[in-house]
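*Asks:* This is the structure, below, for whatever I ask next.
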Amino acid sequence: MAIERTFSILKPDVTRRNLTGAVNALIEKAGLRIIAQKRVLITKAQAETFYAVHSARPFFGELVESMISGPVVVQVLEGEDAIKKYREVLGATDPAKADAGTIRKEFALSVGENSAHGSDAPETAAVEIAQWFAGNELVG
């Protein structure tokens, strides 16, 4: 098994309800270490760039508006097969289809306010981490 790093965003629906600690507890219970974390307000331009892959999708505008509606917590997680493990603890995008005990089943309000984002591949994780963190901020 390989030690990996992955990127996470706890979305405004989590920060607005003061659930950051509860979500972090699930992350750590899954065996992942939070090696970098900061609370930020992202700009519309940052949200559009981050989610550019979805720019042609009908939900793009709503996604961007949701992401800039309040603070987010950006994180770097580290552990054995971190990308796969975090995707499992996240749960399905649609919280109604997510397994019990996952972040989205326990905390998401809807598909649009689904509490968290996680990288889907090592290449994506590397790009997303570099977009939000300098190398000296990763203190695993």
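Every residue, even glycine, has its Cβ placed from backbone N, Cα and C.
Below, the features straight out of Swiss-Prot:
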- Lys11, Phe59, Arg87, Thr93, Arg104, Asn114: ATP binding site (BINDING)
- His117: active site, pros-phosphohistidine intermediate (ACT_SITE)
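Would you situate these features in the structure and describe their surroundings?
*Replies:* DSSP assigns Thr93 (ATP binding site) to coil in the three-state reduction, outside any helix or strand. Close to Thr93 (ATP binding site) in the fold, though at least 6 residues off in sequence, lie Arg104, Val111, Asn114, each with a CB less than 8 Å from its CB.
Of all Cβ atoms in the protein chains displayed, 19 besides its own lie within 10 Å of the Cβ of His117 (active site, pros-phosphohistidine intermediate).
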*Asks:* Quick one: Cα separation, Lys11 (ATP binding site) versus His117 (active site, pros-phosphohistidine intermediate), in Å?
*Replies:* 7
*Asks:* Provide the three-state secondary structure of Arg87 (ATP binding site) computed with DSSP.
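*Replies:* Going by the DSSP assignment, Arg87 (ATP binding site) falls within a helical segment, counted as helix.
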*Asks:* Take the C-alpha atoms of Arg87 (ATP binding site) and His117 (active site, pros-phosphohistidine intermediate) and report the distance between them in angstrom, rounded.
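*Replies:* Between the Cα atoms of Arg87 (ATP binding site) and His117 (active site, pros-phosphohistidine intermediate), the distance comes to 9 Å.
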*Asks:* For Lys11, Arg87, Arg104, listed as binding-site residues, tell me which one has the smallest number of other Cβ atoms within 10 Å.
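*Replies:* Looking at the binding-site residues Lys11, Arg87, Arg104, the Cβ with the fewest others within 10 Å is that of Arg87.
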*Asks:* Hey, what's the Cβ neighbour count for Phe59 (ATP binding site) at 10 Å?
*Replies:* 12
